[in-house]
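Notes to accompany the following structure.
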Protein chains: 2
Amino acid sequence: MASAIQTNVESASARYAADFTQGDLVLPPAKKYLVLTCMDARIDPARAFGIELGDAHVIRNAGASAVDALRSIIISQQLLGTQEVVLVKHTGCGMLTFQNEDAYGVVGKNLGEEAAQELEQRKLDFLPFPELEKAIEEDVEFLRRSKLVPDSVVISGWVYEVETGKTRRVV
Amino acid sequence: MASAIQTNVESASARYAADFTQGDLVLPPAKKYLVLTCMDARIDPARAFGIELGDAHVIRNAGASAVDALRSIIISQQLLGTQEVVLVKHTGCGMLTFQNEDAYGVVGKNLGEEAAQELEQRKLDFLPFPELEKAIEEDVEFLRRSKLVPDSVVISGWVYEVETGKTRRVV
């Protein structure tokens, strides 16, 4: 039996497909840029950052981590031709609220010894950060320094304010 | 000077913030689920999958890879309480069109020896896949088997059709 969430996907999809007219869009992003932002439920990148369907890659992970997104950024840039990165972290981010030890502790307590071992085995870094604007600066710097991102790629760093809906530039 | 894309972020943000009324949403997703989908420019998860602001985490990477998303999924599930995963890959995905060797070759050719070395050093796997539905099954299986995702988490796998706007369930 379908869960309530699965039923919602099905009904939303039926509505969306009924009016859908953009089936001819091509694979490479029309405006040749990518947006990297957080998975946070309070962010709607298309509306908040003005992304039309087909225009830009959108990469999202916990904290909008550039290190975590490197694989996707290289594919976007080298194989699909994007030439600009818009990196947006946000106020009230969960990544500001814990440290790796805390996450390791929660996993061990909730999921047991085998899970804790799998975490150790994968050497998983949860990539939390203590200061928002500093983290944006560091991530932009990481991309600018990486040999895997050519110097010609334009990179900017922004804060989205979940309280106001505003996006302001930091770097 | 701001690029055209940066100017677009600023003007879109001014419009969005002017009508914004949802500044009181809390950090944990209200409907306790996460959507994992591809960074592809032709996907608007909020509209195509029916996600209201504040309801769900949205993780996006090249190919909607569950392996790549594991860090974010653990944070979403263990620290922010999500209990269901909706995994959506799509027709016409770029990840169906190349293999690791191809991507390594492109990077070496375009970015030079130092970049190729950084790639080797990071042991970067671009995680391409040759068959769409099989890749969905494998990613769902990966999450179901991982000790880091408890058995109570409901996981489904879907295909989004970029040609029709439809989302259909596979697993």
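We count from 1, first residue shown onward.
Heads up, the Cβ atoms here are built off N, Cα and C, so glycines get one too.
Record features, source TrEMBL:
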BINDING   A:C38, A:D40, A:H90, A:C93  Zn(2+) binding site
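Contact with chain B, taken as any Cβ pair under 8 Å, is found for the binding-site residues A:D40 out of A:C38, A:D40, A:H90. Annotated Zn(2+) site A:C38, A:D40, A:H90, A:C93; additional same-chain residues within 8 Å of its Cβ mean position, judged by their own Cβ, are A:T37, A:M39, A:R42, A:I43, A:G63, A:A64, A:K89, A:T91, A:G92, A:G94, A:M95, A:Y160, A:V162. Non-local neighbourhood of A:H90 (Zn(2+) binding site): A:T37, A:C38, A:D40, A:R42, A:I43, A:A64, A:L132, A:V159, A:Y160, A:E161, A:V162, each in the same chain, at least six residues away, with C-beta under 8 Å from its C-beta. The 10 Å shell around the Cβ of A:C93 (Zn(2+) binding site) contains 21 further Cβ atoms across the protein chains shown. Packing around A:C38 (Zn(2+) binding site) is summarised by its Cβ count: 26 other Cβ atoms lie within 10 angstroms of its Cβ, all protein chains included. Secondary structure from DSSP puts A:C93 (Zn(2+) binding site) in coil.
There are 27 other CB atoms within 10 A of the CB of A:D40 (Zn(2+) binding site), with all protein chains counted. For the recorded site, A:C38 (Zn(2+) binding site), the DSSP three-state label reads strand.
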